[in-house]
Amino acid sequence: MPSHDVLIIGAGLAGQRAALAAAQAGVTVAIMSKVHPVRSHSVAAAGGINAAVSVTDDWRSHAYDTVKGSDFLGDQDAIEVMCSEAPAEVMHLEHIGVTFHRNDDGLLDLRAFGGASVKRTAYVADITGQAILHVLYEQLMKHSDTVDRYEEWFTTSLILDDEGTCTGCVARNIRTGDMEVFTAKNVILASGGAGQIWKPSTNALICTADGITQAYRAGVPLMDMEMIQYHPTTLLENGFLITEGARGEGAHLLNSEGERFMEKYAPNKMELASRDVVSRAEQTEINEGRGVGEDGAGIYLDITVVPKKRTLEALREIVNIGKDFAGVDITKEPILIRPGQHYIMGGVKTDVDGATPVPGLYAAGEVACVSVHGGNRLGANSLLDTLIFGRRSGEHAAERAKSMTMPTNDRTQLLKDEAEIKEIIGRPKTGRRVSEIKDELGTVMNRYVAVFRDEAGLQHAHEVVRRLKEEAKSAYIDDQGTVFNQDVLGAIELGYMLDAAECCVVAALERKESRGAQFRTDFPERNDDEWQKHINTSINGDDVPTIHYSPVTITQWQPEERKY
Ligand SMILES: Cc1cc2nc3c(=O)[nH]c(=O)nc-3n(C[C@H](O)[C@H](O)[C@H](O)COP(=O)(O)OP(=O)(O)OC[C@H]3O[C@@H](n4cnc5c(N)ncnc54)[C@H](O)[C@@H]3O)c2cc1C
C-alpha cells in the first residue's frame with residue numbers, strides 16, 4: 001500500500017505547483033493524474049497570468065480590480081494574499097525557465113486584459129499554460145527521489161477515518177484496471193473544474209467535477225457554485241475558446257449593424273469590461289435581433305484591426321484555431337463568436353492555505369473556492385490562483401505532515417469502489433447510455449444555467465438533473481474490459497457531474513438577485529442587503545443539498561456600484 005506525507009490528486013498547474021512546494025519542504029510526495037500531467041487542462045491556458053510586476057503598477061490596484069470584477073463577492077483577505085504574492089510568483093516562474101514575452105527594453109511585456117485598470121498580464125504568445133506546465137514538470141524531475149508520479153491513475157474516492165480526517169484515497173490504474181489504496185498524512189485536491197457539465201464548453205473532456213464531488217461526498221461544503229463563467233469569445237460552431245488576449249491586443253466586437261455595441265454597455269472599458277458584462281452585452285444583442293451568422297446567434301470578433309505582424313506573433317494559436325475550426329483567416333476577416341461556458345468560480349471551500357473543513361484535506365486551483373473570484377473571475381487570474389494557492393497548500397500540507405505519524409487505512413473503501421465498478425460493467429443494456437445522459441445534462445445546463453437565468457428555467461433544470469441522477473443509476477456502457485476502460489470511468493465521472501450540477505442549480509435558485517455571472521431576469525438588481533454572502537451547499541444523503549451561508553470577508557473595499 002503506497003504511503004506518502006502529501007498526496008496530490010491532479011497534475012495541472014495547481015497540482016504541480018503544490019508538489020514542487022511540498023518536495024522543496026523536504027517531505028515525500030505523490031502526484032496522481034488521470035491523464036499524463038502535461039495533458040492536464042492547464043495546458044490549454046492561452047492569454048496569460050496577472051501580476052503587478054510593472055514599476056507603475058501596485059498589487060493593491062490588482063486587488064481592487066479583482067474585488068470589483070468579483071462583484072464584491074470575493075473574499076478580500078484571500079484576494080490580498082493572491083495579488084500581493086503574484087509578482088514574486090511570476091518572477092519565480094521566469095527564473096525557473098518560463099520564456100515570457102519581453103518588450104523592446106528587455107522587460108516583461110504585459111498585455112491588457114478584461115477588467116484590469118492597467119496592462120498587467122504576462123504571457124507567452126497564446127500558449128502561456130503550456131509554457132508554465134512544461135517548466136513545472138521539468139522542475140519536478142529534480143525531485144524524483146522524493147516525488148512519486150502516478151500517471152494515468154484515476155481517483156475514485158477519498159478515504160476518511162473514524163474521526164473524519166482524510167487519510168488517503170482509492171485509485172484505479174487506468175492501464176491495468178487494478179485498484180489500490182493510497183495512504184497519506186495530507187491529501188491535496190488539485191483536480192480542476194467542471195466544464196463538461198455544460199455542452200458545449202471550452203474545457204477539456206477531463207473537466208468532470210471529480211474532485212469537487214469527491215470532497216462534497218466527504219462532507220466538505222461547496223461554495224459559490226452558482227457562479228459559472230460564460231466567456232465572451234467562443235467559436236459559434238463548437239465552443240472553442242478565442243483568448244481574451246485578442247481583445248487585449250485591440251480586437252473589436254461588432255453586431256449585425258456593424259456597431260461596436262460595447263459602447264452602450266461599458267463605455268469606459270469597451271471590449272475589455274469584465275467577462276460577465278461583455279457576455280451579457282453580447283447575449284442581449286443576440287436576443288434583440290442584432291446577432292450575426294445563422295439564426296443571428298453570433299457576434300463578430302474583428303481581429304483584422306490588430307496589425308497582422310502582431311497577430312502572427314502574439315496570437316498564433318488562435319490563427320490556427322480560426323483556420324482549422326472555423327475556416328477563417330482571422331488576419332483577413334472577422335470570426336463568428338458567442339458567449340460559451342468556460343470556468344467555475346465556485347468549488348471546494350478552503351481557507352487561504354488551501355485547507356478545507358476536513359482535517360488533512362486541502363484543495364487548490366479550479367476545484368477550490370477560496371473565493372478570490374467571487375461572482376466573476378478576471379481573465380488571467382486563474383493561472384495565478386492555481387499557482388499561489390497550489391504553492392501555499394503544498395507548503396502548509398508539508399508542514400502539517402512533519403508533526404504527524406503515518407495513518408493506516410484498511411481496504412473497506414477499495415472494496416466498495418471495486419464493487420461499484422463491477423456493478424457498472426455488469427449492467428444490462430436496458431437503461432440509457434451514459435453518453436446520452438451526459439448530452440442531455442449539458443444541453444439543459446447550457447439552456448437554463450447560463451448567461452441569463454430565471455426561477456422557471458432553474459426549476460426545470462433541477463427537475464431534469466434529479467431525473468438524470470436516477471437514470472444514471474442504471475446507465476450502461478459498452479466496454480467490459482479492464483485495460484484502458486474509459487467507458488467505466490465515464491460512468492463514474494457522470495455521477496460526479498450530476499452531483500456538482502445539482503449544487504450549481506440549487507445555489508442559483510437560492511440567490512434571488514443578480515451579481516457577477518448570476519443574472520436572474522426575475523431579480524435583475526444586485527441586492528447587497530440580503531445577498532452579499534456566500535451560498536454553500538452540503539451533501540444531504542440522496543436528497544437535495546442543504547444550503548447554508550457564510551459571510552464575505554471585506555478588508556478595505558466597501559461594496560459600490562460596478563461600472564466599466
Ligand atoms: C481554453 C482555455 C484557456 C484558458 N486560458 C487562461 C489564461 O490565459 N489565463 C488564466 O488565468 N486562465 C486561463 N484558463 C483557465 C485555466 O486554464 C484553468 O482554470 C486552470 O488551468 C485550471 O488548473 P488546475 O490545475 O486547477 O486544473 P487542471 O489543469 O484542469 O488539472 C486537473 C488535474 O486533475 C487531474 N484529475 C482530475 N480528476 C481526476 C481523478 N478522478 N483522478 C486523478 N486525476 C484527476 C487531471 O488529470 C489533471 O491533471 C483557460 C481555460 C481554458 C479552457
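Placement of Cβ uses the backbone N, Cα and C atoms for every residue, glycine included.
What TrEMBL records for 5-383 is domain 'FAD-dependent oxidoreductase 2 FAD-binding'.
All protein chains shown were included, and the count of other CB atoms within 10 Å of the CB of Arg39 (FAD binding site) stands at 18. The FAD binding site annotation in TrEMBL covers 10-15, 33-48, Asp210, Glu366, 382-383.
Long-range neighbours of His342 (substrate binding site) (same chain, six or more residues apart, CB within less than 8 Å of its CB): Gly195, Ser201, Thr202, Asn203, Gln229, Tyr230, His231, Thr234, Leu241, Arg275. Per TrEMBL, substrate binding site is recorded for His231, Thr243, His342, Arg377.
There are 26 other CB atoms within 10 A of the CB of Arg275 (active site, proton acceptor), with all protein chains counted. TrEMBL lists Arg275 with the feature active site, proton acceptor.
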Any idea what DSSP makes of His342 (substrate binding site), helix, strand or coil? strand
Substrate site shell beyond His231, Thr243, His342, Arg377, criterion: Cβ within 8 Å of Cβ centroid: Thr202, Gln229, Pro232, Leu241, Glu244, Arg275, Tyr343, Gly379
Out of Ala14, Val35, Val43, which has the highest number of nearby Cβ atoms, where nearby means within 10 Å of its Cβ, if these are the binding-site residues? Ala14
Which residues of the same chain, at least 6 positions away in sequence, have a Cβ lying under 8 Å from the Cβ of Thr243 (substrate binding site)? Ala46, Gly47, Asp126, Thr233, Leu315, Glu317, Ile318
Cα-to-Cα gap, Val43 (FAD binding site) vs Arg377 (substrate binding site), nearest whole Å: 19
Taking the Cβ of each of the binding-site residues and counting other Cβ atoms inside 10 Å, which one has the highest number: Gly10, Gly47? Gly10
The sparsest Cβ environment within 10 Å, among the binding-site residues His231, Arg377, is found at His231
